[in-house]
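Per Swiss-Prot, the features are as follows:
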type	residues	note
BINDING	18, 87, 91	Zn(2+) 1 binding site
BINDING	28, 38, 66	Zn(2+) 2 binding site
BINDING	63, 65, 67, 69, 74	Ca(2+) binding site
DOMAIN	13-48	domain 'EF-hand 1'
DOMAIN	50-85	domain 'EF-hand 2'
């Protein structure tokens, strides 16, 4: 039986996390910035147009345990923020409209 679209989406997020992690299974700041630029260029562009420099603060905001790395739960929190922004857009909000950003 093949995976559903939802299952493929989750597997894709896990694969994205693994692509940018180090040997310890966590993402360091340079890799997180690369991941954001490669995978969310439209989101970042919309934020930049509003004068919101998302990349300047995202690492510090998401590194909840302050270990200077992003673990999987912190990564999911980041994706949740981006998904929430796209959800707001589906209801007419402007891109990068705030909230948990």
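Using N, Cα and C of the backbone, Cβ positions are placed for all residues, glycine too.
Cα to Cα, residue 91 (Zn(2+) 1 binding site) and residue 67 (Ca(2+) binding site) are separated by 36 Å.
Surrounding the centroid of the Cβ atoms of 63, 65, 67, 69, 74, where the record places Ca(2+), the chain contributes additional residues within 8 Å, namely 26, 62, 64, 66, 68, 70, 71.
If you look at the domain 'EF-hand 1' (13-48), the same-chain residues 6 or more away from its ends with a CB under 8 A from one of its CBs are 54-55, 58-59, 67-72, 75-76, 79, 82, 85-86, 94-96, 101. Using a 10 Å radius centred on the Cβ of residue 63 (Ca(2+) binding site) and all shown protein chains, the other Cβ atoms total 18. Using Cα positions, the member of the binding-site residues 18, 28, 38, 87 nearest to residue 67 (Ca(2+) binding site) is identified as 28. When the domain 'EF-hand 2' (50-85) is classified with DSSP, helix, strand and coil residues number 23 helix, 1 strand, 12 coil. Within 10 Å of the Cα of residue 69 (Ca(2+) binding site), the following binding-site residues from the list 18, 28, 38, 87 place their own Cα: 28.
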